[in-house]
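Peer 1: Below is one structure. I have some questions about it.
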């Protein structure tokens, strides 16, 4: 097929896009702005804004007109209040980050061989393994993004610890920037994974014995 990315320049571009996608996806894992909660003042809970992340939640509350306090709580594996989409995203995003790291490692090895014009089976296999790992990383990221996006759209609640003084559901819930960053990182991971997976050794890379003239 004509869209196979077999040239060195094309594969180096693929590697650059893969790196961008991996960085965006890995960065989103540490961001806290996955779900934004806006909470009004009630008799049970004080007003404030909460950023619900995959590994922690940060709560911002205005004490005076010029003072805002911030409190962050990092989830532990003993926390049973975490909903399915967050528990799943914790595992999926970490797995995707590891897969993406090793996918880049195999891609670098294949590019090294290509730059040295070593078009052998090891080069082909490295591109294929890199493609599989990058696609798997992209799929894991995509599932985590879609699950948490769906939770925001459907206004799903979370039963936080009483000490956090947060309601089960906020008055307003919005999609945070972390979901957008993770979503942007999915596309290059999937596309570059496809290009690497279907890499074909160019005909000129095949080694033929030379014929000496008498």
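Even glycines carry a Cβ here, placed using N, Cα and C.
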Peer 1: What range among 81-101, 102-122 does Swiss-Prot describe as transmembrane segment?
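Peer 2: Of 81-101, 102-122, Swiss-Prot gives transmembrane segment for 81-101.
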Peer 1: Which stretch does Swiss-Prot mark as transmembrane segment, out of 126-146, 147-167?
Peer 2: 126-146
Peer 1: Is residue 10 annotated in Swiss-Prot on the same side of the membrane as residue 125?
Peer 2: yes
Peer 1: For the topological domain 'Extracellular' (33-80), jot down how many residues DSSP puts in helix, in strand and in coil.
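Peer 2: Result for the topological domain 'Extracellular' (33-80), in helix, strand, coil order: 0 helix, 24 strand, 24 coil.
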